[in-house]
Amino acid sequence: MIGFADRLAEITKKIKGASIIDEDFVKEVVRDVQRALLEADVDVKLVLELSKRIEKRALEEEPPAGVPKRDYLLRIVYEELVELLGGEKTEGLDIDLSRDVNVIMLVGLYGMGKTTTAAKLARYLQRKGYRVGLVGADPYRPAAGEQLRQLAEEVDVPVHVEDVDDAVEMAVKGVEALKDECDVVIVDTAGRDRLSEDLIDELREMAERIEPHEVLLVLDATVGQKAGDHAEAFHEAVQLTGVVITKLDTAAKGGGALSAVARTGAPIKFVGTGERVDDLEEFNPRSFVARLLGIGDIDELLRRTEEMLEEEEKAEDVLEGEFTLKDLYEQLEALSKMGPVDKLLQYVPGMGGGRNVRKISQITEERLKKYKVIMDSMTEKELENPEILNKSRIRRIAIGSGTSERDVIELLNHYRMMKDVIEDIQSGRIPRIGGELGRVIRNVLRG
């Protein structure tokens, strides 16, 4: 949420740096919050109500013993923003996957990101151990089936796109084709430019035939507070079980979309935070607001790290043998699966979603990409035996990778540093606490 995150991070910085918390300062903070929310297209009435609550609480409530006034003011801002985005109503919501075969139906208008969301949701559930399949049910958009097939190949799940002109039949036959090999079948339905009667009839008939356990509306965050109207209309038409909001990373109106949907009572279950198939998060207002304010979300950071460690089984194997550049390459591959560095830094307290994250992550992302390009220019023998890399080989690798000899030497220095860490762990000089790969990652990020 470009702009919005920066604004909120600045508010946090202002509160933390304040020496006196008096009525004038509280009103100044309230005005800053108002400005941030209005620029994010949050409904004016909601903004005014939230402003009054923040001001009233900040001036009337006494902080608990030992808690500085500035910390308590930040807590009030945090709690009220969480409430604005759904509060406890959307806390810890899971999708219903209690049956042997669970059907998830994605609905929405054209251009909202349904097909991409289908693949992202497949990847998300796949990582949780489910066998997922995708079904195309859009006979109107010529490239829809091919797009879904390509995405299914990317996330490595089966896909079925029936060659008929009827959307309902495509859904029915697709679910039937995949039900024996999948725990979860995600149906990517057709959209329209608006919620017309024919779309409503089509979705209702489809729902009657395939009996979905979840009906998720996919909404683009760029529509802002209009998202609430869309959610209400679709809910009336097909009884939604939840909402997925896409493009939240780039939408200036993301705050408006989130708050408008939360106001309808339709649970926001997932948010899309980037273009990669890994960029889908279960929506939790508390951790989401914590990251926007720059106070971190350690639980999410740990979850992502653990997920990567579980996925990369070779990490433990590294400790049993010689650590080579090939091992380093595989660990950088594993690191890239955690998502872009700026996403990871958002979970770290004090980083937030502002400019500081983008500055640091840009340097780190460039370094990791450069390292991979350099190693792609090495032979298998060089990756397995880095000690043979003499001056002439380094020069050849630099030319082949379009980098400098200095860049290649920098990579080799990082490799030797990591190798020393691995050897210390192998010898027992460093205990295996916190994960050896985590230490490698920290060394890479430290640069």
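We number each residue from 1, going along the chain as drawn.
Cβ atoms are placed via backbone N, Cα and C, with glycine included.
Copied over from Swiss-Prot:
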BINDING   108-115, 188-192, 246-249  GTP binding site
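The binding-site residues under consideration are Lys114, Arg192. Their Cβ neighbour counts within 10 Å are lowest for Arg192. Within the same chain, residues at least six positions away from Gly111 (GTP binding site) with a Cβ under 8 Å of its Cβ are Gly191, Asp220. Each of the binding-site residues Gly108, Thr189, Leu248 was scored by other CB atoms within 10 A of its CB, and the lowest score goes to Leu248. Classification of Thr189 (GTP binding site) by DSSP places it within a strand.
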